[in-house]
Amino acid sequence: MYLSRLPPRSIPCRSINQISRVVARSSKSRLEFVGSYQNSLTTNQTRCLRPFSSTSRSQLRDYFPEADHEHIKKTEAAWPHPNYPKEQMLTNISYAHRTPKDFSDRIALYLVRFLRFSTDLATGYKHDPVTITENGEKVLKKPYRMSERKWLIRMVFLESVAGVPGMVAGMLRHLHSLRRLKRDNGWIETLLEEAYNERMHLLTFLKMAKPGWFMKFMIIGAQGVFFNSMFLSYLISPRTCHRFVAYLEEEAVLTYSTAIQDIEAGLLPKWTSPEFRIPDLAVQYWKIPEGNRTMRDLLLYIRADEAKHREVNHTLGNLDQNEDPNPFVSEYRDKAAPHPSKGIEHIRPTGWERNEII
């Protein structure tokens, strides 16, 4: 490329002075920026404990900061969370599977297994179980693949679609009640509360991880497919949909149980660090007492919620979809006998049979 040479040109002294002042100001601002940037990095390293993010550490911020209003001090949850004693979460909650009894149950189970395979593939989930040797030592057969970051990726993706079934079912039952000019017998509130609870799980994890554009794209696609599939399926067979959600919650209980075992085995050091703090959102929603605010405690609460959803949907799948009342908000004649409730003191992992409660 040919460049023409221009004759040399003298620069006035006044221009030289102006240029010198500009350079001095820019150098000073640059030094101030570097200093503030280093301070922000140091602050984020000590204060920001978000293990997974698609952005650089210096760009991390509160994913949905609380707005400061002139007249409103605080907005409480629409559905206050019931109290879960820690002893009950440890003794009453565990993985359980309901054996399919008819063709509808088998269809629901096969769909859940396919969805589980697809989700594992999408989130990169691959867990190597811990084996116990004769000496009682815990040994991994293969190099461990799950980390805090991978667990959060999986949890964010799962909870982003877990709130869909309850909202779809509640919406359709609401419209069904309007068309029939009849009461719904309490189903709508429980289904909407379930969707709300799943959304609180998502918001809690978003306080620890900010998804990138690829995760957001996956969530949009999964939500679009899942919502429309649930919408059409619930119109055809509500009972099959409730069984499907119950089997899905069985997998959720298994997932969180595995994560809790990993924490207890010391495989997730960032979550067992004394500096780690769970989000204040979780403390306020679950009313977590002081001294029980570790990541393990948080996952115990979330696992208990998933176990409750498992019980609710297995039970609703056993009832008459049009006539039976919601047993989880009903008042029983014999209050001393075990019966469905919002708590976990009498939780039934595979659901209550119709002849036990109606």
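Glycine too: its Cβ is placed from the backbone N, Cα and C atoms.
Swiss-Prot lists Glu198, His201, Glu306 as binding Fe cation 1, and of Glu159, Glu264, Glu353 the one it places in that same site is Glu159. According to Swiss-Prot, the residue from Glu148, Glu249, Glu356 that belongs to the Fe cation 2 site alongside Glu198, Glu306, His309 is Glu249. Residues Ala162, Glu194, Asn197, Val245, Leu248, Ala252, Asp305, Ala307, Lys308, Arg310 surround the recorded Fe cation 2 site, their Cβ atoms falling within 8 Å of the Cβ centroid of Glu198, Glu249, Glu306, His309, which are themselves excluded.
Counting only same-chain residues at least 6 apart in sequence, those with a Cβ under 8 Å from the Cβ of His309 (Fe cation binding site) are Glu194, Asn197, Glu198, Val245, Ala246, Glu249, Ala252. When the binding-site residues Glu159, Glu249 are compared by the number of other C-beta atoms lying within 10 angstroms of their own C-beta, Glu159 comes out lowest. Residue environment of Glu250 (Fe cation binding site) contains 25 other Cβ atoms, counted within 10 Å of its Cβ in all protein chains.
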